[in-house]
Amino acid sequence: MASALCRTASRLRPVQMFRRLRASSDLLSPSSPSPARISDHGDFSLPRSMFTLSCGNERLRMDQRRLLSTSDSGTTSKPSSGESEAKSSGENEKSGGSEGSDGGGSDQKSDRASGKHARGAPVSWMSFFLLFATGAGLVYYYDREKKRHIEDINTNSKAVKEGPSAGKAAIGGPFSLIRDDGKRITEKDLMGKWTILYFGFTHCPDICPDELIKLAAAIDKIKEKSGMDVVPVFISVDPERDTVQQVHEYVKEFHPKLIGLTGTPEEIKSVARSYRVYYMKTEEEDSDYLVDHSIVMYLMSPEMNFVKFYGKNHDVDSLTDGVVKEIRQYRK
């Protein structure tokens, strides 16, 4: 605004001076009354005209100084509302531009930094650590769930109680075989005592001897714990080679109370079918062969009714405890 006033004053100076000088020249022009004429009329005198001219010049200088002082005071005074608004808007634009430039610059810097980081290091240590932590967490979670699942299974298996029987298993039945002393007996001759039956053959290399040793040890422990006499019985599934004499010599190697039974192939087949026993020849070289058969012990009640069977997974103690438990429950 001050600059505008200064420019206006500069333009007005020549005009004012021109007017002042013109007015002064008019006083001195021929059209104006001459000094003599003026003095003749008594209106003006030449000194007065010169004084007027000098006063006009002096007034022109005073007006110029006043105009300059006014423009200077306007320049130093506070800006007007329009000027302040223009200045504030300019400052806002400048600040906004600086902020935008700063924001844009920071964004560009961050983008450049991120791009440089992504291009420079595809897999950072932090990402590797997070991947490792995630993998370890998953392994720990699945391991814990597996242990919990196993514990639940064990708990549920222990909590399961035997319910009422819906019927008797179709295991057992009448049979007629030859005892190792040469006497023919039936299932009725075994009634009155608890009996454990095992099917095998005398030429068995390992399984049968191991099972008969386990059975013999369990018989003695059952007697100690329950005071009951349990009769162990061995039934041959190899009637072609297991004669009465062969069976007699074989069973006496394990326990004095062990009874050996054999018979014809038809009789063995019948009793095996009654007790759900599988057997079959596997190899045959001349007279030497093996017999594949079920490895199961059958606990029979004093009425020769099936009570429970025990597989190869039972050791002496578990077999003893299982038989004693069944005997005590039977007494109740």
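Going from the start of the chain as shown, residues are counted 1 onward.
The backbone N, Cα and C atoms fix where each Cβ goes, and this holds for glycine too.
Per TrEMBL, region 'Disordered' is recorded for 68-117.
According to TrEMBL, the feature compositional bias 'Basic and acidic residues' maps to 84-96.
Mean model confidence of the domain 'Thioredoxin' (164-329) amounts to 91 (pLDDT, 0 to 100 scale). The domain 'Thioredoxin' annotation in TrEMBL covers 164-329.
Per TrEMBL, the feature disulfide bond maps to CYS204-CYS208. Counting only same-chain residues six or more apart in sequence, the Cβ atoms lying under 8 angstroms from the Cβ of CYS204 (disulfide bond) belong to LEU290, VAL291.
Here TrEMBL flags CYS204, CYS208, HIS293 as Cu cation binding site.
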Exercise for the section: Note down the number of other Cβ atoms within 10 Å of the Cβ of HIS293 (Cu cation binding site), including every protein chain shown. Expected result: 20
Practice task
List the other residues in this chain whose Cβ sits within 8 Å of the Cβ centroid of the Cu cation site residues CYS204, CYS208, HIS293, in sequence order.
Solution key: PHE199, GLY200, PHE201, ILE207, GLU211, VAL237, VAL291, ILE295
Completion exercise
Cβ-Cβ distance under 8 Å, sequence separation of 6 or more, same chain as CYS208 (disulfide bond); the residues meeting this, in order, are GLY200, PHE201, THR202
